[in-house]
Amino acid sequence: MKARLLVLLCALAATDADTICIGYHANNSTDTVDTVLEKNVTVTHSVNLLEDSHNGKLCRLKGIAPLQLGKCNIAGWILGNPECESLLSERSWSYIVETPNSENGTCYPGDFIDYEELREQLSSVSSFERFEIFSKESSWPKHTTGGVTAACSHAGKSSFYRNLLWLTEKDGSYPNLNNSYVNKKGKEVLVLWGVHHPSNIKDQQTLYQKENAYVSVVSSNYNRRFTPEIAERPKVRGQAGRINYYWTLLKPGDTIMFEANGNLIAPWYAFALSRGFGSGIITSNASMHECDTKCQTPQGAINSSLPFQNIHPVTIGECPKYVRSTKLRMVTGLRNIPSIQSRGLFGAIAGFIEGGWTGMIDGWYGYHHQNEQGSGYAADQKSTQNAINGITNKVNSVIEKMNTQFTAVGKEFNNLEKRMENLNKKVDDGFLDIWTYNAELLVLLENERTLDFHDSNVKNLYEKVKNQLRNNAKEIGNGCFEFYHKCNNECMESVKNGTYDYPKYSEESKLNREKIDGVKLESMGVYQILAIYSTAASSLVLLVSLGAISFWMCSNGSLQCRICI
């Protein structure tokens, strides 16, 4: 019996066998990603797809400065409000900047017809040529061209728009006028004019020498006849009269004709337009700085190659797509679950089931071995590189497909188009929700696939080792194998590179397996003997105890015993 127990203890003491484990990289990263099934999964590596920062500045766009309207708005600039005179020299720009509270627009009160459409047209213009369409000195010889008003005062004196002429009577007469212009600029020409509506007949007769007047404007695409509406109105900027402002785009080679017998606010300067990709109009209080950018928002410039941003829906230039997301992070590495580096009964290192290895820094997947010569980590470079190439190509493909750089400007609606504006906002919100949903779903799905891909690669590496070793080693859990033979560093390297010589070690493994199996049988015999002795001893103790209790109870009369023959 003693000999058998000694054999068992010796066998248990001699099982410090060589081992090899398959596992994956872990590090101290705190990056988290979301997948379809999980949230906030900690991973070793990831890339951010969502830009959420800007510099708070207005910058040059591709080296070209914006047109800052300052205290003027589009109307004041394009009509030539005297307070916007400094803008008359501007010829080109990358984008146009209005401030939210610009005060200088139409100085003489009235309606700017189709103003929102004009803003939309100008948002795609990157430069223009301002030229005299009708000469102030020679085009209207029978009319006075110096009409001014206190509503458009400048430097304390009455003045008028720098791009329009207020034609009035001359020497007590206002003869019919008829003038035309042929567009020979080779590009679209923006022409502006106005129609004056006095507040009373007296002003009408004083200015135009007649009570009934008309204005006619005709081109190949435009044909309107205007009749002044004479009526008392509340004073605005000290004026009871009104001027309605009009515009049209004249195509190359087209002719525009003006005919009137009063009340015409005639064109003086017009604009030959040059359209450019990426221009636009933004409303911003940000200040201009010495900086360059490829993407400008009202909040500030964005310098990013990421496919998405959540800064502002209005963008100028080559900009990421706006989404409402707060996080779009795509995993490129593995689940980051560093294992507790503890030694077990056989000195095994926790493998890929329990967690990754922070000690393996030169690859994503690899091995940890232990033998008489020592222990160490080694990455499987081939599987790691294949995974890196595949994931890099996938990330680049996703970014390329989603990274459609473009300008997104707000649409213009006037006060009478609120229903249309509200409908447009709902449609835009719907598209924005779809874009946001698609972006988030894409990232969730790709993250799930990437993590599954890594799990599959680790499993494939495990199966590769298992298929080589076959019954020359046994699986001991945690991604580890215990050899039935001695495996030095050369042997370990052959397992890692796939050249393990199974027949070379099969005989030694067979003998060691038989020894271990024999020890198991011997130990089974020992356990059976111990079990029999234990059962017999327990039964004997129980019988003696029962006899003693019975004798005591009989002696004090608690139990009566009768023997019948």
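Placement of Cβ uses the backbone N, Cα and C atoms for every residue, glycine included.
Its Cβ placed at the centre, Asn27 (N-linked glycosylation site) has 18 other Cβ atoms within 10 Å. Positions annotated as N-linked glycosylation site by Swiss-Prot: Asn27 (among others).
Listed in sequence order, Pro338, Thr358 are the same-chain residues six or more apart from Asn28 (N-linked glycosylation site) with CB atoms under 8 A from its CB. Annotation comment: Swiss-Prot describes Asn28 (among others) as N-linked glycosylation site.
Asn40 (N-linked glycosylation site) falls outside any helix or strand according to DSSP and counts as coil. Taken from Swiss-Prot, the feature N-linked glycosylation site applies to Asn40 (among others).
What Swiss-Prot records for Asn104 (among others) is N-linked glycosylation site, and it gives sequence analysis as the kind of evidence. Taking Cβ-Cβ distances under 8 Å and a sequence separation of 6 or more, the neighbours of Asn104 (N-linked glycosylation site) in its chain are Lys71, Cys72, Asn73, Gly76, Asn81, Glu83, Cys84.
Residues annotated as N-linked glycosylation site in Swiss-Prot: Asn178 (among others). Within its own chain, Asn178 (N-linked glycosylation site) has Met257, Phe258, Glu259 as residues 6 or more apart in sequence whose C-beta sits under 8 angstroms from its own.
The N-linked glycosylation site annotation in Swiss-Prot covers Asn285 (among others) and rests on sequence analysis. In the three-state DSSP scheme, Asn285 (N-linked glycosylation site) is classed as coil.
Positions annotated as N-linked glycosylation site by Swiss-Prot, on the basis of sequence analysis: Asn303 (among others). In the three-state DSSP scheme, Asn303 (N-linked glycosylation site) falls into the coil class.
For Asn497 (among others), the entry in Swiss-Prot reads N-linked glycosylation site. Non-local neighbourhood of Asn497 (N-linked glycosylation site): empty, since no residue in the same chain at least six residues away has a C-beta under 8 Å from its C-beta.
The S-palmitoyl cysteine feature in Swiss-Prot is assigned to Cys554 (among others); the stated evidence is sequence analysis.
Residues or ranges marked as S-palmitoyl cysteine in Swiss-Prot: Cys561 (among others).
Per Swiss-Prot, S-palmitoyl cysteine is recorded for Cys564 (among others), and the stated evidence type is sequence analysis.
Here Swiss-Prot flags 1-17 as signal peptide, drawing on sequence analysis.
Under the heading transmembrane segment, Swiss-Prot lists 529-549.
Across the structure, Asn40 (N-linked glycosylation site) and Asn27 (N-linked glycosylation site) are spaced 17 Å apart at their Cα atoms. Cα spacing between Asn303 (N-linked glycosylation site) and Asn285 (N-linked glycosylation site): 20 Å, rounded to the nearest whole number.
Ranked by how many other Cβ atoms sit within 10 Å of their Cβ, the glycosylation sites Asn40, Asn303 place Asn40 at the bottom. Residues near Asn285 (N-linked glycosylation site) in space but far in sequence (CB under 8 A, at least 6 apart, same chain), listed by position: Thr99, Pro100.
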